[in-house]
Protein chains: 2
Amino acid sequence: MLSEFDLIKQYFVRPARAPQLQSRVQLGIGDDCALLGIAPGQSFAISSDMLVEGRHFFAGEDPRRLGHKSLAVNLSDLAAMGARPAGFTLALALPAADRDWLAGFSAGLFALADAHDCELIGGDTTKGPLNICITVFGEVVPGQALRRDAARPGDDIWISGTLGDARLALAGMRGEVALAPDAQRQAEARLHLPAPRVALGRLLAENGLARAAIDISDGLVGDLDHILERSGVGATLDIDALPAGPVLATCDIALRRNYAAAGGDDYELCFTAAPEQRAAILAAGAASGTPVTRVGRIDASPGLQLTDGQGAPLELRLAGFDHFGSQ
Amino acid sequence: MLSEFDLIKQYFVRPARAPQLQSRVQLGIGDDCALLGIAPGQSFAISSDMLVEGRHFFAGEDPRRLGHKSLAVNLSDLAAMGARPAGFTLALALPAADRDWLAGFSAGLFALADAHDCELIGGDTTKGPLNICITVFGEVVPGQALRRDAARPGDDIWISGTLGDARLALAGMRGEVALAPDAQRQAEARLHLPAPRVALGRLLAENGLARAAIDISDGLVGDLDHILERSGVGATLDIDALPAGPVLATCDIALRRNYAAAGGDDYELCFTAAPEQRAAILAAGAASGTPVTRVGRIDASPGLQLTDGQGAPLELRLAGFDHFGSQ
């Protein structure tokens, strides 16, 4: 039987690596607390996400993909703040200490962590229904952080990457839509292996290009609404300007509009910026290898108006995701 | 039906309070990340604990006590580092959004948080088997932090408060021992409402009184062993010097020795210090309202020797708590 200490030692404590130039970790796994330093003038951006089997992922999900996604959704929160990843804690409840599962999970987790120089600094393991709770720490100059309450009337609304393929994959898995096997696989990659937009978020924050930002986890319309509410503004969104994922782009217009606007699980950034920043934002997108698309504008009057490609008002029945709702 | 957003708003977002003189929270609940600042020269001490129903507490546990304990076990990790509490995140999986449960849980949580000026800065709520994951942040000067690897031969070994009543309460609840109702209630208060030794930990660290420290969650012998292993030293522990809890003190010697030495769930501090600090440590105990007791010494040769009150070697069958073991 694998003990708790052996489990941590074998799968989560790694041999000392070449010291990272920017590492802030002063004391890692193995004490009562980790110690994380910070550069002068910076604050810690902190976010926590909990993933539950049967709610956020299906039972039997591939552990490597799950390791990736568990960290990715947290890094996406740092990206939406414009923060540089510094470290994370992992608390893990497992039904059993399964070696294959642990090897896969930790491999997926560390591959993404290493890609972002984000070190595992501590956490907890226990027996229980499968539950993965990650808390992530990033560095940001507080005045540069991309807050939800910073949108202003006249701002452009931008989206990174593409929307809707993750939701389409879920629909295919549930039998709600029928996709060709290749298309289903392609869409599922978006669902299981989201790419947090950390590089873009940092460029937007550190160069003062964007005002407000949020990451799109529950569907664009619902998430944008958080910006509107906290900023005390409204918005007009051109549904047909939304960048549909490559698989969703082959579907009919009703599905395309619905999943792009309210699909969920996209982990793209929605951000607002002054119109004079358009060229700089396109350049930041290019520099970070992240497509960026302008999809609407912030209005002074409250409420969210949806329009089609011709600017005509649209009424769509859309709903974001609520963990305690009926969905 | 209570939505996820309403749940957070009603039970976890509180009206703005008078600004705390020392508050480091620059941005709290409601954005992608919280922002936490830090004083110059300090580092963040960070710890995560996950509490699972049926594992760390019984189903149907009083939610107010559970709110207290969930934060207390994390504050205890800060105490063992000598850090000042600054804030925490809460990730919560709930089978249902039960108003009575939420009201009790949040009341217990915030009562302890306020007592330690430790603000809830963010988190996550989702539906799932009851699981409480808290990550806590404290401030500490890195050179003053009480690390597990800092014990030296010749150090005294000290214990805060008393040991064993929490384990005794559990034995009573399981029917392994029979206590009078009043005694059972008194012991259960230690199990359900541990008092993290934050004030003592800070005095020990900030005044350079202690070297190594750990909090006793899995049983003294097992937890002390982490100090010995990481410091490359051994120890001699006088079992009969261990300060048994007031209820345990009325039990027979075998139970007293066993539960004091390896009971678990005590959340007291075990720390080592040079003998010349004895008077200062007693004064720090008095200043923080925390009894402190000297119970042994650190040896150069590895291994843990247990002795009785006369210094004669003892062989006891003791085991710490392993979440994936057979206990």
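Positions of Cβ are set from backbone N, Cα and C atoms, glycine also.
Feature annotations, reproduced from TrEMBL:
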type: DOMAIN; residues: B:30-140; note: domain 'PurM-like N-terminal'
type: BINDING; residues: B:ASP32, B:SER47, B:ASP77; note: Mg(2+) 4 binding site
type: BINDING; residues: B:ASP32, B:ASP77, B:ASP215; note: Mg(2+) 3 binding site
type: BINDING; residues: B:SER48, B:ASP49, B:ASP124; note: Mg(2+) 1 binding site
type: BINDING; residues: B:ASP49, B:ASP77; note: Mg(2+) 2 binding site
type: BINDING; residues: B:HIS56, B:ASP265, B:PHE321; note: substrate binding site
type: BINDING; residues: B:GLY123, B:ASP124, B:ARG148, B:SER217; note: ATP binding site
type: DOMAIN; residues: B:152-307; note: domain 'PurM-like C-terminal'
type: BINDING; residues: B:ASP218; note: Mg(2+) 5 binding site
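Of all the binding-site residues given, namely B:ASP32, B:ASP49, B:ASP77, B:SER217, B:ASP218, those whose Cα is no farther than the 10 Å limit from the Cα of B:ASP265 (substrate binding site) are B:SER217, B:ASP218. In terms of DSSP helix, strand and coil, the domain 'PurM-like N-terminal' (B:30-140) has 36 helix, 45 strand, 30 coil. Listed in sequence order, B:THR89, B:LEU90, B:ALA91, B:LEU92 are the same-chain residues at least 6 apart in sequence whose CB falls under 8 Å from the CB of B:ASP124 (Mg(2+) 1 binding site). Checking the binding-site residues B:SER217, B:ASP218, B:ASP265 against chain A with a Cβ-Cβ cut-off of under 8 Å leaves no residue at all.
Using CA atoms as reference points, the binding-site residues B:ASP49, B:HIS56, B:ARG148, B:ASP218 were checked against B:ASP32 (Mg(2+) 4 binding site), and the closest is B:ASP49. Under DSSP, the residue listed as 'Mg(2+) 5 binding site' is assigned to coil, being neither helix nor strand in the three-state scheme. Considering only the residues assigned to ATP binding, B:GLY123, B:ASP124, B:ARG148, B:SER217, the longest pairwise Cα distance works out to 31 Å. Every protein chain shown contributes to the tally, and the Cβ of B:ASP49 (Mg(2+) 1 binding site) ends up with 24 other Cβ atoms within 10 Å. Cα of B:GLY123 (ATP binding site) to Cα of B:SER48 (Mg(2+) 1 binding site): a span of 12 Å. Within 10 Å of B:ASP77 (Mg(2+) 4 binding site), judged by CA to CA distance, lie the following binding-site residues from the set B:SER48, B:HIS56, B:ARG148, B:ASP215: B:SER48, B:ASP215. Between the listed binding-site residues, namely B:SER48, B:SER217, the fewest other CB atoms within 10 angstroms of a CB are found at B:SER217.
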